[in-house]
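Engineer: The structure is given below, and queries will be raised subsequently.
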């Protein structure tokens, strides 16, 4: 009896902002590593999530939402990240919100590779009132691009994800696993700590959050079993600092507390976290800063 061949490959998750890409990846790997928010382009780095099973390893790449509304070096770098991801994967998941096929979706569709299998993933299936309406929507989309497959899911509730993996699996090349079977991301704890703080900023500041905002880990040290982490929130202008800090420091305190609790859960250990805000004018349009933050 011959052994079942192992398959391993890279899968890009692409779509317009706020369509559920990060939520989908978090559910596919069974762990929250990519931050989620209603604000566009929450994901600013290509985050890799790994799902391993008996005969296959899926390496998912969560990309920033492609959009042209914001201008400047930061947005150009994020859009470039999407394009680069599409050129180096074995399969692409093109994520759409059910019953919404917008100009922004078509912009992403125009980037889809012709020689790499692309699976249409229709998310938020509860948006469709019945199966006939949903099928008509799918027919409209598939008339504009030749997809390798179609799957309807609910990323938020983790529904039909096994069926989605079944569609992806045949497109993975025969290969030994690239990562240990218990590894869920190639990002280190320093990166994940920064992402957790960014998520809390999005959650507590909402529409007040400056687009030109980033976080920088200034210290990450192990003190026995304790992680000591110092993180600076970077804003572009002085008047943006009070937005993040809040009256009497209340917002920043909530952000820091919730971030620390999430880190302790993810890292399975105690964390001492300090977060503060500082101005770094022009960073979002300075290619040197973007390169420093890995956003070039």
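Using the three backbone atoms N, Cα and C, a Cβ is placed for every residue, glycine included.
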Engineer: Could you check which of 62-65, 66-69, 70-73 is flagged in Swiss-Prot as region 'G3'?
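Structural biologist: Based on what Swiss-Prot states, region 'G3' spans 62-65.
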Engineer: Pick from 15-22, 23-30: which stretch is listed in Swiss-Prot under region 'G1'?
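Structural biologist: In Swiss-Prot, residues 15-22 carry the label region 'G1'.
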Engineer: Return one of helix, strand or coil for residue 21 (GTP binding site), based on DSSP.
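Structural biologist: In three-state terms, residue 21 (GTP binding site) counts as helix.
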Engineer: Counting Cβ atoms within 10 Å of each candidate's own Cβ, which of the binding-site residues 21, 125 comes out highest?
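Structural biologist: Answer by Cβ density within 10 Å: 21.
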